[in-house]
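See below for the structure under consideration.
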Amino acid sequence: MGTMAGSWAALLGHLVAGNDLSAEDTAWAMDLVMTGEATPARVAAFVVALRAKGETPAEVRGMADAMLSHSRPLEIRRRAVDIVGTGGDRSGSVNISTMASIVVAAAGVPVVKHGNRAASSKCGTADVLEALGVAIDLPPEGVRRCVEDLGIGFCFAPVFHPAMRHAAGPRREIGIPTAFNVLGPLTNPARPSAGLIGCGDQRMAPVMAEVFAARGGSVLLVRGDDGMDEITTTTTTTVWVVQGGTVTEESIDPAEFGIGYSTPAELQGGDAEVNAEVVRRLVAGEAGPVRDAVLLNAAGALAAFEGPGTDLRGRLGADVERVAAAIDSGAAADLLDRWAKRSTEIMRESE
């Protein structure tokens, strides 16, 4: 156990004095949040005091590990990649990570996507997949079958993390971003070894990268320099490259890959039906700013899966061509169609 674990008063006093906690301390606190033993006041005090001090990688890792220990397990037998952002970047953009997931799987790399309904936007991953006919709330065995059969599956956060309901009230009432906002990408129940992970919060992005490094994953942690929680096409993107337990920081520019700059308005989304239509047009081969953004993010996920190595730009350039081919061959459209049908069949069988 950590030095503070066992006493809320000691733990909160330590934080308020500006001192860091150990991973064991935050895991102890998170464990009580997940079991419902922590009162709403203690939940709120804990995450607000952490935010005021500034969360460390060890503190966030302790929370994420405790959350995973309470999740419903999902064993995927294949290496896979996750493509997900923290959300909350207020950009109101189309579902770029969702589209990139479909394209990456169509290019032959297994994807296990972790996500939820919209929090700050009009349309989250779950909302757009539901509008596309994908059964979003499959149990663990159903998600596993989807990945085995199709190379893609979606873990709906409320299905896999039911214990997080105890934090819902305090999260909503606090109304400011806290460590809870970055836990989603760190708690994919399939625990994929690779990821393209977006974080719009400039201070938290390198903290998240260090958590992934401590786990030994191969991850590109990205933040658009416009504040988007993905690789942006409106300007440059900062990339924290996580491989071999270390983190290095790079900057990439869409122009390096023959992609022109777009405006935020060109990536603007709407409700689930509007964004679903954008997905359909993307997989049908429509050119333009949305495709450009999807290609870069899909290439980033492939690079993370393959291991970015020492030449990130060279890797991304080759992968942009590979993911473009997955759209233009019709493979992405075919996969989306099969995913909707197969997930619905599996859902019926598991009812």
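Cβ atoms here come from the backbone N, Cα and C positions, even for glycine.
Per Swiss-Prot, these features apply:
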type: BINDING; residues: GLY85, ASN116; note: anthranilate 1 binding site
type: BINDING; residues: GLY85, 88-89, SER93, 95-98, 113-121, THR125; note: 5-phospho-alpha-D-ribose 1-diphosphate binding site
type: BINDING; residues: SER97, GLU230; note: Mg(2+) 1 binding site
type: BINDING; residues: ARG171; note: anthranilate 2 binding site
type: BINDING; residues: ASP229, GLU230; note: Mg(2+) 2 binding site
Cα within 10 Å of GLY85 (anthranilate 1 binding site) - qualifying binding-site residues among SER93, SER97, ARG117:
SER97
Could you check which of the binding-site residues ASN116, ARG171, ASP229 is the closest Cα neighbour of SER97 (5-phospho-alpha-D-ribose 1-diphosphate binding site)?
ASP229
Please give me the CB contact count at 10 A for SER93 (5-phospho-alpha-D-ribose 1-diphosphate binding site), counting all chains in the structure.
25
For the binding-site residues listed here (HIS114, ARG117, ARG171), tell me which residue's CB has the most neighbouring CB atoms inside 10 Å.
HIS114
At a 10 Å cut-off from the C-beta of ASN116 (anthranilate 1 binding site), count the other C-beta atoms across all protein chains.
19
Work out how many Å separate ARG171 (anthranilate 2 binding site) and ARG117 (5-phospho-alpha-D-ribose 1-diphosphate binding site) at their Cα atoms, rounded off.
15
Integer Å distance between the CA atoms belonging to ASP229 (Mg(2+) 2 binding site) and ARG117 (5-phospho-alpha-D-ribose 1-diphosphate binding site):
16
Among the binding-site residues ASP229, GLU230, point out the residue whose Cβ has the most other Cβ atoms within 10 Å, with all shown protein chains included in the count.
GLU230
